[in-house]
Amino acid sequence: MLVEAHGTFATATCTVCRRDYKGEELRDDIMAGTVPKCPTCKGIIKPDIVFFGEELPQHFFTYLTDFPIADLLIVMGTSLEVEPFASLAGAVRGSVPRLLINRDLVGPFASGSQRHTDVAELGDVVNGVKKLVELLGWKQELEDLMNVGRDKV
């Protein structure tokens, strides 16, 4: 299961009437440097991402119960400095492998709280994910997904 802790650009919501939009509907406005406006109420349409200081989406908290029963944790592209994220890597059982794909060692991966099952792939996140995909034998599937995504742009 993928939990996009800071939200996603794949969807968006009007800040006034709460109408839902696909992220691709905002692309032209964003690329033109224009603030997307809701055709229904003229409110601002905001990508469903979490800015610093904003409340996390409620669905984030529903996944917290999965940590104690997880059999693998992959952490990517984070500083693990701000709660509630800072403590999440420690929320899985001690026997659970944790994979960090990140520019730097962070949180328990850097603080001396490493576990014998921890693995860190340091560098660019995209390259780290590509390496993982290759090791799992999923390279063709990833390329197919990326091509489908490119066709939509």
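Our numbering is plain: 1 for the first residue shown, then up by one each step along the chain.
Positions of Cβ are set from backbone N, Cα and C atoms, glycine also.
Per-residue pLDDT, averaged over the domain 'Deacetylase sirtuin-type' (1-139), rounds to 90. Annotated domain 'Deacetylase sirtuin-type' per TrEMBL: 1-139, in sequence order.
Annotated active site, proton acceptor per TrEMBL: His6, in sequence order. Within 10 Å of the C-beta of His6 (active site, proton acceptor) we count 17 further C-beta atoms, all protein chains included.
Cys38 (Zn(2+) binding site) falls within neither a helix nor a strand when secondary structure is assigned with DSSP, and so counts as coil. In sequence order, Cys14, Val16, Cys17, Arg19, Ile44, Ile45 are the residues of the chain that are 6 or more apart from Cys38 (Zn(2+) binding site) and have a CB within less than 8 Å of its CB. The feature Zn(2+) binding site is assigned by TrEMBL to Cys14, Cys17, Cys38, Cys41.
The number of other CB atoms found within 10 A of the CB of Cys41 (Zn(2+) binding site), across every protein chain shown, is 13. Rounded to a whole number, the distance between the Cα atoms of Cys41 (Zn(2+) binding site) and His6 (active site, proton acceptor) is 26 Å. For Cys17 (Zn(2+) binding site), other Cβ atoms within 10 Å of its Cβ number 11.
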